[in-house]
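Novice: I am attaching a structure below and will ask some questions about it afterwards.
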Amino acid sequence: MGDLARLPLLEKAPTTHAGLLAWVEEVAELTQPDRIHWVDGTEEEYTRLTGELVEAGTLTRLNPELFPNSFAAFSDPADVARVEEQTFICSENQRDAGFTNNWMAPAEMKQKLRGLFAGSMRGRTMYVIPFVMGHLDAEDPKFGVEITDSAYVVASMRIMANIGTEVLDKITATNAFFVPALHSLGAPLAPGQADVAWPCNPDKWIVHFPEERSIWSFGSGYGGNALLGKKCYALRIASVMARDEGWLAEHMLILKLTSPEKKSYYMSAAFPSACGKTNLALLDPTIEGWEVETLGDDITWMRIGKEGELRATNPEAGLFGVAPGTGWGTNPNAMRAIAKGHSIFTNVALTDDGGVWWEGMTEETPAHLTDWQGNSWTPDSDKPAAHPNSRFCTPISQIDMLAEEYYSPEGVELSAILFGGRRKTTVPLVTQARSWTNGIFMGSTLSSETTAAAAGQVGVLRRDPMAMLPFIGYDAGDYLKHWISVSGKANPERLPHIFLVNWFRRTADGDFAWPGFGDNARVLKWAIERIEGKADAIETPIGFVPAGHALDLTGLDLTHAHVEDAVRVDREEWDAELASIEEWYAKFGDSLPEALRAELDALKERMADHS
């Protein structure tokens, strides 16, 4: 083992998995850590690591009376979000990465990365984190091992995934395949050099090698760049595995809706960021007798079941939510889960009594805070107290409304799939697709107007197919073909119905056309009644929308005319929309599925007859 005589922990490795041992040895030789620690996932280990992080200044321990066993971290201001421009899909063939991804030849990228990782863990501990996405006792568990030099990553991964000794034992016992996920902060320490609270490197690379199912992440300690089980594995690499193995890995929530008659239905829903995905996952219905429970708020893996049905599971163990806008008024269920503690907050503000705060958390703004950069803050300050992309990392088990089916390895049968964007005009409140392929067309053209939070021009349309634009691990046209192909593998009678929703439509005078939040349960109720063949709908060129009387408006100060306005299909608006879709589809070139081109042509014909 040559240079590894100084790494005695490798000799005492708690596994005999030859492939894993060889990889750990290779990484240790490359990165030169001072020591290796195999993560066991225990509470004792978590307590020790978080204690060390508090001593190092990386974590601040919160007031245990307010947030038990919870911590706040504050990142380098240059390390606050996913770095899409430095995220690469290095497929062997450039065509397989497609127009939505950055690409570099794998050999060239590996050479670059080896140069960056050489000696990158000097002076640090190398942590080996065995993890499984989803259930350890699933029929086909999806394993990963993350190597990192960040104890903050270890602590966060303990919340977000199933990690530790039990997972490693199963990887070893079954000689299982695992996704190797290598992460380094890129901040080696020379002997005697003082560390900083948030080590990182200005040169950041988040790289995926789809054919070999591997991930290399360098330079960032933040969220989706560093917790490699999340977007990197569960979406980018898993979407490629799903294509090859006949399933789907999607950026979706899963909810359970139970009617007054105690009949339950399961839905998944895809929304781009800032469109209310977590709020819908944790919905409090405003209609009597209907109940919502959640199975997940961000990632859904879907497989075809034994009877041709589409079954969904959530591969994650935690919530990694955007904090600003999550509040007692808008999402009390999320707040109740967070209030139980056992959470790590990143780039939020601190209250004077040792709690946390962010914009939108409470109606009243505290008179004084310490902002995410450590400055004294008052409501007169000209900058937000919490970073707009600040996060809470909380165990999903703390959600009171967590459905028991979350724990089932078989998952749940989906009755409906929702796609939703943020549009002031054009797109109705809710539209039922005519068919599976028509629903894929809706998903493929999903769009949102950019908000002030996004860089660039406000109000510009951003197409985001299935809300997966930053996460598709291969060519986007092939991805849409794969979605269409599911109908050929499934029982057509058991396929979920697809709906397009838009909670953000405005009236002519600029008000929201629909109250949203808990009242969105009324739209879900209509969708279920459509599936059951009970609710009335009006056929439009784009699909079926509710008849004015078909939405349950009990207790709302709305009329059937309001509903008719919220679902109106305007010919002029759609002429502009069709031109915009043409531009979008042109970007796919010859990888656009013929079936979607046919859907667009058919929609144009129907629209031509629409007054």
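Using N, Cα and C of the backbone, Cβ positions are placed for all residues, glycine too.
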Novice: Which of these, Lys231, Lys263, Lys340, does Swiss-Prot say binds Mn(2+) at the same site as His251, Asp298?
Specialist: Lys231
Novice: Return the residue out of Arg48, Arg61, Arg82, Arg530 that Swiss-Prot annotates for the same substrate site as Tyr222, Gly223, Gly224, Ser273, Asn389, Ser390, Arg391.
Specialist: Arg82
Novice: For the GTP site that Swiss-Prot gives with Ala274, Cys275, Gly276, Lys277, Thr278, Asn279, Arg391, Phe517, Gly518, Asp519, Asn520, which of Arg243, Arg303, Arg422, Arg494 also belongs there?
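Specialist: Among Arg243, Arg303, Arg422, Arg494, only Arg422 appears alongside Ala274, Cys275, Gly276, Lys277, Thr278, Asn279, Arg391, Phe517, Gly518, Asp519, Asn520 as GTP-binding in Swiss-Prot.
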Novice: Near Asp519 (GTP binding site), how many other Cβ atoms are within 10 Å of its Cβ?
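Specialist: There are 20 such Cβ atoms around Asp519 (GTP binding site).
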Novice: For Thr278 (GTP binding site), write down the residues of its own chain that are at least 6 apart in sequence and whose Cβ falls under 8 Å from its Cβ; none is a fine answer.
Specialist: Leu253, Asp297, Asp298, Leu319, Gly321, Val322, Thr326, Asn331, Ala334
Novice: What is the nearest of the binding-site residues Gly223, Asn389, Phe517 to Cys275 (active site), using the Cα of each?
Specialist: Phe517
Novice: Checking the contact step here: among the binding-site residues Lys231, Gly276, Phe517, which have a Cα within 10 Å of the Cα of Gly224 (substrate binding site)?
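Specialist: Qualifying among Lys231, Gly276, Phe517: Lys231.
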Novice: Within 10 Å of each Cβ, count the other Cβ atoms and name the one among the binding-site residues Arg82, Lys231, His251, Arg391 with the highest count.
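Specialist: Going through Arg82, Lys231, His251, Arg391 one by one, the largest Cβ count within 10 Å is at Arg391.
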